[in-house]
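Heads up: the structure comes next, in structure tokens.
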Amino acid sequence: MIQIINWFSMVIGLIPLNRQQSETNFIVDYAMMYIVPVLYIACYLLINLSHVFGLCFLDACNSVCKLSNHLFMHLGAFLYLTITLMSLYRRKDFFLQFDERLNVIDADVQKCQRLAEMNKVKVTAVKHSVIYHFTWLFLFCVFTFALYYDVRSLYLTFGHFAFIPFMVSSFPYLAGSIIQGEFIYHVSVISQRFEQINTLFEKINQEARHRHAPLTVFDIESEGKKERKTITPITSMDGRTKFGIEHKLAGEMKRQVGQQKNDDDKMDTSNDEDEDDFDYDNATIAENTGTTSEANLPDLFKLHDKILSLSVITNGEFGPQCVPYMAACFVVSIFGIFLETKVNFIVGGKSRLLDYMTYLYVIWSFTTMVVAYIVLRLCCNANNHSKQSAMIVHEIMQKKPAFMLSNDLFYNKMKSFTLQFLHWEGFFQFNGIGLFALDYTFIFSTVSAATSYLIVLLQFDMTAILRNEGLMS
């Protein structure tokens, strides 16, 4: 489905033709991104200057119909021109950078999966793909119905020239929704990568719960300080896992050897919590004879940072385009409710053009709200999956597994990861250039604002206007 959207985006000039190739012809790549906006501006000026093909300039269109059509047309012009200018800015650079970083992340994830012997990751991916394709199919059906209704109504009014009013009526909202569809796809890719590394974190968590390696007995001083001794390798671990751990952590362990001699006065708080979980004076742990995956921890921490940086560049590309789209969705929804309750309920069926404008507002308000909800839902899912990684790591720390107690470097790495994520959570979140956060709180704020506007709009008495237009006796 995403391939269909990409091809459609290329045809209407929203993305470059060869977006994943750096060495291509500039004119060929960006030809449609300049031709389609010029065509739109030509149709827009033709309607507003010639007063020929515009719905609002027909004799059968009353004052309410003209007001509705003017608002819908000019709001669409604001939406389309804004997203087009933003699409021309670093559009191809974003696709190249995103694909390059994503390939690096996928290679690291596959390496960690081979080490952890994860055979159930494919099952999770299949379940997620069903929901993914169902969402795209639902969006395709909604847009098909909206376009069919608009094209059919315009063809009955303008005949073969219906293309001209269509370019200034539904086309801007279609283009804006397709841009949001691109945003939905990229956020879903990021969310999938978070799910994959969370699966690997969870496997380490399960091993910490059911499997243990032999522990080095620690001497606890009277002040609650732990005496630091030379770290001995876990002899019962699999040779491949032990070599992987030592190979990744040897450099940092050497740097900490000198520091450990001068850090005896520092308090190690890792044993202050849940002291009843382990008896350090009588540490007798069952030996682990299976394959463990804690060697993935350093790579998983780096993977998490890479995916977060991928989220930042994705939000920087599509976040500004969310602002005009959400604004257009807000205005169309409010005015659609106003027309449906104050006009269509009273004089519905007496004017074909007025009914067309009313239903057009209702259809596109529903369509844009569905797209906006999916954007918010996927952004929330991506944020929740990133938080889940920190929660799983913190849960592993609370269990005090053998590999963490026998090697201080593991504990320091996990503690630094959870602390770093606390700072990162306050620094970044999917947002619209800082104006609003793309999460479920945005729904509450927009509903509150829409309620205030509707209270004012619904107090207008439309009977005198409708009577003057001959729609009421």
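Backbone N, Cα and C atoms are what each Cβ position is placed from, and that goes for glycine too.
Matching 67-89, 435-457 against TrEMBL, the residues noted as transmembrane segment span 67-89.
Contact between the transmembrane segment (67-89) and the transmembrane segment (27-47) is supported: at least 3 Cβ pairs lie under 8 Å, counting only residues 6 or more apart in sequence. Taking pairs at least six residues apart, the transmembrane segment (27-47) and the transmembrane segment (155-175) share three or more Cβ pairs below 8 Å and count as touching. Here the transmembrane segment (130-149) does not lie next to the transmembrane segment (322-339) in space: the count of CB pairs under 8 Å, restricted to residues six or more apart, is fewer than 3.
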